[in-house]
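Working notes, structure below.
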Amino acid sequence: MKNELEKVMSGRDMTENEMNMLANSIIQGELSEVQIASFLVALKMKGEAASELTGLARALQKAAIPIPTNLTNAMDNCGTGGDRSFSFNISTTAAFVLAAGGVNMAKHGNRSITSKSGSADVLEALGINLYLPAEKLAQVFDKVGLVFLFAQNLHPAMKYFTPVRRQLEIPTIMNLTGPLINPIPLDTQLLGTSRPDLLELTANVLKGLGRKRALVITGEGGMDEATPFGLNHYALLENDKVTLHEFRASEVGISEVQLNDIRGGEAPENAEILKNVLENQPSAFLETTVLNAGLGFYANGKVDSIKSGVDLAREVISTGAALTKLHELQAEQIG
């Protein structure tokens with residue numbers, strides 16, 4: 001640990017193998033919380049490298065509990081969190097729209113770290129069982145085409161990181177790594193990050209981890225979602241190449257709103273917002289969900305433009321298919 005910490009503090013990047021070995025030491029309980037915290041902070045101050053993200057992701061994914069699903073072409077749309085926007089649960093709401101539109105959604109998430117309500121919190125408020133065994137989760141996914149994978153339940157190694165992250169109260173490499181370690185192998189991904197400087201790097205990490213197509217998004221003001229206001233920046237992984245782009249919501253058929261219009265609350269309030277959106281009740285929440293679901297359809301390759309994805313998202317919600325998908329998950333992911 002001492003050599004690795006000195007290397008990072010001197011501004012040098014760790015190799016993928018060095019990070020992998022250090023991560024395994026943490027997973028095996030060989031390092032104290034103080035050592036883990038100092039390492040996370042040192043990495044943040046230096047700036048995380050692709051080799052470090054990849055090495056950590058591979059170690060954590062290998063240590064995860066596998067989900068024996070029969071489905072292929074799985075996708076996730078989780079973000080890094082840590083943007084302190086206190087918005088409603090955008091990607092979680094959009095996941096129902098994507099699943100209703102024919103995308104196999106392996107929604108990976110956790111409880112809140114820096115916000116009022118994480119994806120696990122809001123889904124628990126909707127009656128979703130976070131603690132099903134892997135075999136049952138696979139059955140849910142195979143039947144519904146959507147499942148929620150609770151990170152704490154499926155990543156035993158996280159118990160060494162979670163207390164440290166809560167005490168630090170700042171985004172670290174763990175925020176960046178969380179979306180990379182879905183227990184179900186992913187073919188495509190929409191990943192939100194609060195750091196626009198990491199768009200290209202993250203897309204290249206996803207490429208290295210085997211994604212066939214992916215989109216990494218940063219919204220206005222560093223939100224880890226596409227925003228219905230201001231300028232959105234994204235990196236697109238397509239045909240093994242990463243390209244950078246930008247767009248405004250108004251350019252793809254979304255009514256622009258303000259950040260205050262999409263702020264959420266505690267889990268029960270956000271659960272109500274989610275249901276209202278899937279019921280197609282007009283609001284800034286609906287526009288934001290349509291935008292991010294549309295982006296998800298584009299990231300998945302189901303449509304050939306963000307605008308086409310937005311149109312598909314509106315159709316899926318207006319027909320009631322997204323609300324039906326919520327009811328299906330509520331009926332299956334129980335126990």
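We number each residue from 1, going along the chain as drawn.
Placement of Cβ uses the backbone N, Cα and C atoms for every residue, glycine included.
Copied over from Swiss-Prot, here are the features:
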- Gly79, 82-83, Ser87, 89-92, 107-115, Ser119: 5-phospho-alpha-D-ribose 1-diphosphate binding site (BINDING)
- Gly79, Asn110: anthranilate 1 binding site (BINDING)
- Ser91, Glu225: Mg(2+) 1 binding site (BINDING)
- Arg165: anthranilate 2 binding site (BINDING)
- Asp224, Glu225: Mg(2+) 2 binding site (BINDING)
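Rounded to a whole number, the distance between the Cα atoms of Asp224 (Mg(2+) 2 binding site) and Arg111 (5-phospho-alpha-D-ribose 1-diphosphate binding site) is 16 Å.
Restricting the binding-site residues Arg165, Asp224, Glu225 to those with a CA within 10 Å of the CA of Gly79 (5-phospho-alpha-D-ribose 1-diphosphate binding site) leaves Asp224, Glu225, listed by sequence position.
A strand conformation is recorded for His108 (5-phospho-alpha-D-ribose 1-diphosphate binding site) in the three-state DSSP classification.
Of all the binding-site residues listed here (His108, Arg111, Arg165), the one with the fewest other CB atoms within 10 A of its own CB is Arg111.
Secondary structure at Ser87 (5-phospho-alpha-D-ribose 1-diphosphate binding site), taken from DSSP and collapsed to helix, strand or coil, is strand. Distance noted between the C-alpha atoms of Asn110 (anthranilate 1 binding site) and Glu225 (Mg(2+) 1 binding site) is 16 Å.
Closest in space to Ser91 (5-phospho-alpha-D-ribose 1-diphosphate binding site), of the binding-site residues given as Arg165, Asp224, Glu225, is Glu225, taking the CA atom of each residue.
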